[in-house]
Every structure is written in structure tokens, then in C-alpha cells.
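As recorded in Swiss-Prot, the features of this protein are as follows:
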TRANSMEM  4-24  transmembrane segment
TRANSMEM  37-57  transmembrane segment
TRANSMEM  87-107  transmembrane segment
TRANSMEM  113-130  transmembrane segment
TRANSMEM  134-154  transmembrane segment
TRANSMEM  167-187  transmembrane segment
TRANSMEM  208-228  transmembrane segment
TRANSMEM  242-262  transmembrane segment
TRANSMEM  305-325  transmembrane segment
TRANSMEM  374-396  transmembrane segment
TRANSMEM  416-436  transmembrane segment
TRANSMEM  464-484  transmembrane segment
Amino acid sequence: MNDFPWLTIIVGLPIFAGTLIFFFPHRGNKIIRWYTICICILELLITAYVFCYHFQLDDPLIQLEQDYKWIHFFDFHWRLGIDGLSVGPILLTGFITTLATLAAWPVTRDSRLFHFLMLAMYSGQIGLFSSRDLLLFFIMWEFELIPVYLLLSMWGGKKRLYSATKFILYTAGGSIFLLMGVLGMGLYGSNEPTLNFETSANQPYPVALEILFYFGFLIGYAVKLPIIPLHTWLPDTHGEAHYSTCMLLAGILLKMGAYGLVRINMELLPHAHSIFSPWLIIVGAIQIIYAASTSLGQRNLKKRIAYSSVSHMGFIIIGICSITDTGLNGAILQMISHGFIGAALFFLAGTSYDRIRLVYLDEMGGIAIPMPKIFTMFSSFSMASLALPGMSGFAAELVVFFGLITSQKYLLMPKILITFVTAIGMILTPIYSLSMLRQMFYGYKQFKFKSLNSSFFDSGPRELFVSICIFLPVIGIGIYPDFVLSLSVDKVEAILSNYFYR
């Protein structure tokens, strides 16, 4: 291939460029914002260039591989590489982070630190999606927590310290199990630790040990993904965080759990995955209904959207555990699709909060007249969230359903039952989405507007630009899902060739 260290540059550029922010003058908010956005755009362009010119779509193996010895006595390598599974999340990360820095334009307090943390998050996420070493994977997983914690506890709402502490306790607690799984897999069967993904994939484990490893990894991912009952940090965190942080949380952070589930649990522990799958499918189906019905009872707008993302994650779990290539492709499509839709909904909730300073739905009403643009975009993304045909959510959920129904692993009756339960969840989704729209935008005005100038009150060009930038891929993927599916389809076949009952 080519020996140029593209991936190291892509992972390292944001955080190294971010450290330069601290040398900027203290008062130069505008310079800092423009600098951060330029770094994000440059990073996105480099990623797109590497993807277009140095990446073969039809090759299911690892590409652009880099392997540098890092710590000698522990056989710890800086080992990066991408394949069809990680390209989608990496491009999504670049896209959403660039738009989130643009969304964070109103942040003026400690703006140097804020923008540095955004860039540090960017590095951690791309490092996680492209790491090929178990310990490096874990380090990137942990590195992600520090910027999120600081962004939450410094730029959040009234109860920000409570929600930030809850977030760090949950995720750090899950990471302990993750670390035990990583070290157990690395140290098994030899005196030297083998942390390489390739050697771990070819390593046969006893089934009992494999189940133990699987369970450790699963708890770590169940906090991040979130899988019920480990999801309670998510509504609190989303309810308090600044909306640009919410975009990164909903758009990328939740996808890290799903990515880890496929990358480590499915690829490296196939026997245990086939044992755990039926139970996880049941949990996923319960999660879809539970989160959708809980969302209906939320007064807080952001918490309602947060529960809707928990509900959508249920489809990812079902797709991953159906163990068919259709289902797994559908899960990856749902990851990308929800990354766009969730980020957009939180962004629009935040911009409307900036305008009216209300967060409870029963205090709002009649906002559609003074804010027609925000109303239009909010309605469009709510429709995408409830899987309207022609939008990406519909394509993803349809492919997941097909994957579940065509699965060889399950008997017909359980498949019909699970499909029925998830269909009820899909009926509940429009109920909470449309009631949210009705409470916010329709009805009578219940509050006094701060400014009489109506043109200032509606969405400005910046907000409109961010919304349209997210809306175009949602429509594009909905009309032609092969944009995303063509990335992962060969890799998915390679993963599923390990499963013995196909």
C-alpha cells in the first residue's frame, strides 16, 4: 500500500492543533472559533481524501495499517488500521464534530478550553474507531471521558455537576469491566501479552472463558450504548449539557458502544456472541418499547429526545444480534442514520432554548408563528426520527427487520414475537415525536417573547446552515442507502464467516 502515516496524522492533528489554542490571546474569541472550525474542516478534508484515494471498498481486510512499537517491555504497539466497519463512523465523526464546533458559536466563557476539549474529543473518537490494538482501544475509550466530563461540568445547565458525576461514575464503572476483559484476552495462553486484534481473532478460547470475557466487554458497552438498565446517565447528561456537547454525545459517543460490540464481541468472541444473542435481542425489543413509552412521560424537551435515542439504540442491538449480514448492515446503517438525526434534534432543541429560555414542554406552545424556519427543520427531523419512508431512519429499521426475519438462528415463533414487539415500539415513536411537536409549536402562546424583532428571533444563517448540512445526508441515505451499505458489506460477510451455523 502506501507507507505515509495517514491515520496517525488524522488521529493526532486535532489534539496537537488544539494545544496551540492556549497560546492565543485571551480575548480573541472570534480567532479561536475560526481556528477550531478550520482545523475541523482540514481534518475532514484529509479524512475524505484518504478515503477516496487510498481506500479500496471491495477489500474486507485492514487497510492503511500502521504499527509502531510504543512500550517495549509490554509489547504495546501504536497499531492503527481501518476497514469497511470503521470508515462510516470516522466520516460521521468528522462531519458531526465540524458542525458541532459551528453550533458552539455562542459559547464565550473560557472559549479556549472549550474548543480545545472539542478537538481532544475528536482525536479520541477517531483513535477509537481506527485502533487495531486492544489496549490502545481501551486508552482511547477512557481518553474520551475526560473532555466530556469537563464539557458537562463547566458548560452545562443548573444540575450540571450532578449529571457530570453520574456520567463519570457510570462510564468509569463500565470501563473497569472493559479493562478486565482487555487484560484477560491479552494475557491468555502465553507469557507475553498479545494485544493485537489479528492474533486475538485467531486465538481459540474455552467457551466458559469466552463467556466471561464477553460479559466484561458487554457491561462496558452497555453503559455507553446504553442498554437498559444501565441507561439512566443518558437523560440526565443530555438534559444538562450544552447542545454542541449533546450533538457529540448523541451523534458519536453512543455509536462507540455499538462499534465496540461489533468489533470486539462479534469478531473476536463468536461462540459467546451466539450464546448471548437471543437474550440481547429480547433486551433490545424491551428497550425499544420501554424507552419510547418513558419518553412520552418526559416534560423536559431534551430528556424526551434522549429517551428517543435510547429507543433507537434498541434497533442496533437487534441488528447486531440477529447474526445475519442483512441485520448487521442494518445496525451499521442505523448507527450512521441516528448519528445525524439525534445530533440535529439536540441542536434544534438547543437553538430554540437559546431563543425562548424554556425547557419544559408544557410551558411552551405556539412557537411556530415567530420561528417558522426552526419549526420546519424540527418537524422534518422528527419525521426522520419516526422513520418516515424516504428518510434514513426508515431504510435502517427496514433492513434490521429483514435481517431479523431472515435469521437462521432463531425459530419462527420467537422471530414473529420480537417483530411484533418492535412494531409496537415503532407505533409509539410517532406518538411521542408528534406530541412533542404539538406541545412546542402548536396551540396558544403561553409566554412573553423577549424581543419584538421577529427576524432576529427566528433561525439565523448559521443555524440554518447546520440544519441543512445534516438534513441532506439524512435524505440522501434514505433515498439511496447503498451510500453507507457499500462501505461495510464485504467486511460484514467476513465477520459472519466465523459463525458456524450459517
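Glycine too: its Cβ is placed from the backbone N, Cα and C atoms.
Using a cut-off of 8 Å between Cβ atoms, the transmembrane segment (242-262) and the transmembrane segment (416-436) share fewer than three residue pairs, counting only pairs 6 or more apart in sequence. Segment contact is absent for the transmembrane segment (113-130) and the transmembrane segment (374-396), given fewer than three CB pairs below 8 angstroms at sequence separation of 6 or more. Note: the stretches the transmembrane segment (464-484) and the transmembrane segment (374-396) are in contact (3+ CB pairs below 8 A, sequence gap of 6 or more). Contacts between the transmembrane segment (305-325) and the transmembrane segment (4-24): absent, as fewer than 3 C-beta pairs lie under 8 angstroms at sequence separation of six or more. With a cut-off of 8 Å on Cβ pairs spaced 6 or more residues apart, the transmembrane segment (37-57) and the transmembrane segment (134-154) reach fewer than 3 such pairs and are scored as not touching.
Cβ atoms under 8 Å from those of the transmembrane segment (416-436) belong to residues 281-282, 285-286, 288-289, 292-293, 295-296, 301, 304-305, 307-308, 311, 314-315, 318, 361, 382-383, 385-387, 397, 401, 404-405 of the same chain, restricted to positions at least 6 beyond its ends.
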